[in-house]
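Here is what TrEMBL says about this protein:
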type	residues	note
ACT_SITE	Y59	active site, proton donor
BINDING	H121	substrate binding site
DOMAIN	32-293	domain 'NADP-dependent oxidoreductase'
SITE	K88	site 'Lowers pKa of active site Tyr'
Amino acid sequence: MAAIIEIPTKVLTNSSGQQRIPVIGMGSAPDFTCKKDTRDAIIEAIKQGYRHFDTAAAYGSEQALGEALKEALDLGLVSREELFVTSKLWVTENHPHLVVPALQKSLKTLQLEYLDLYLIHWPLSSTPGKFPFPIAVEDLLPFDVKGVWESMEECLKLGLTKAIGVSNFSVKKLQNLLSVANILPAVNQVEMNLAWQQKELREFCSANGIVLTAFSPLRKGGSRGANEVMENDMLKEIAEAHGKSIAQVSLRWLYEQGVTFAAKSYDKERMNQNLQIFDWALTKEDLEKMDQIKQNRLIPGPTKPQLNDLFDDQA
Ligand SMILES: NC(=O)c1ccc[n+]([C@@H]2O[C@H](COP(=O)([O-])OP(=O)(O)OC[C@H]3O[C@@H](n4cnc5c(N)ncnc54)[C@H](OP(=O)(O)O)[C@@H]3O)[C@@H](O)[C@H]2O)c1
């Protein structure tokens, strides 16, 4: 077996302890694969060195991930302390009184006593119990950010999670949250890739001690035509010059920007490829060219019709 790759970590300065989040995480959404595929992929990922596993109540992957983690723990492949498990609060439970029960339910499904990170999945609240996706705007309710965040802080105090954070929050939405928070969010998980570089949001997060985790780092999660990253001729040239794949060049770029990311591959070779980004570097010329890539968002948000003010100033 190939040597396990040691993935660097970043300290979550805004959480209560000294938690460290691995720079590379393994995604699990959307989980339409059979449970055995998920289980096999997670076990393989642990063998290769992955320690951060990203899931959410909405993904349908908590159960299979939990079973795989339990098996890995029982086999002694890894200890609970070495793992970093993230899950997320879905919009139907984004109400102050539903936060703690939602996290308790996720923990039960995952067969875990605590999470390492719990995130508000979207800055939106919808009618409890109604689960259509995309969410109909008629089902949206006012988002009580202060009340929900107090409940997130309660989750931390109860020891149900080691750190709390948010996902899909723009600068403006983070500013609102920071104005009411007693404990600052440790992480903001958002779309970030070479075709959606999030410069303003990154600066804001960095200035406020919030670690940014990039989702859809290869821009493959959406369902639409050309992939502006994986089918980009300029990136292909850069990749060939380094003897790497476009995926590796894209992930290395994220690493060099100082963010963490969750990429998803359930394929043994590709998940290994995505770890091989630490012993080489992009050149200044590469970075200048990458800066010129046309920017647009891949993930438009979970509502139908789409909400113009959901991301407000995220760019
Ligand atoms: N917070 C949020 O709202 C949110 C939204 C979206 C995603 N996420 C999280 O972020 C994770 C990653 O995002 P994502 O799944 O949208 O996108 P992604 O990681 O950019 O792309 C995943 C796709 O890329 C393929 N892939 C992975 N490595 C590859 C490689 N080296 N070469 C070629 N293809 C490769 C995978 O296929 P194979 O499996 O066949 O390799 C899969 O189809 C999700 O799984 C989820 O956990 C969070």
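Going from the start of the chain as shown, residues are counted 1 onward.
In case you wondered, yes, glycine gets a Cβ from its N, Cα and C as well.
Heads up, TrEMBL stuff is auto-annotated, nobody curated it.
Quick caveat, the model's predicted, so the values are computed rather than measured.
A straight line from the CA of K88 (site 'Lowers pKa of active site Tyr') to the CA of Y59 (active site, proton donor) spans 9 Å. If you take every residue in the domain 'NADP-dependent oxidoreductase' (32-293) and average the pLDDT, you get 95. All chains included, 28 other C-beta atoms sit within 10 angstroms of the C-beta of K88 (site 'Lowers pKa of active site Tyr'). Rounded to a whole number, the C-alpha distance linking H121 (substrate binding site) with Y59 (active site, proton donor) is 11 angstrom. Take the CB of Y59 (active site, proton donor) and look out to 10 A: across all protein chains shown you find 20 other CB atoms.
In the shown protein chains, 21 other C-beta atoms lie within 10 A of the C-beta of H121 (substrate binding site). H121 (substrate binding site) falls outside any helix or strand according to DSSP and counts as coil.
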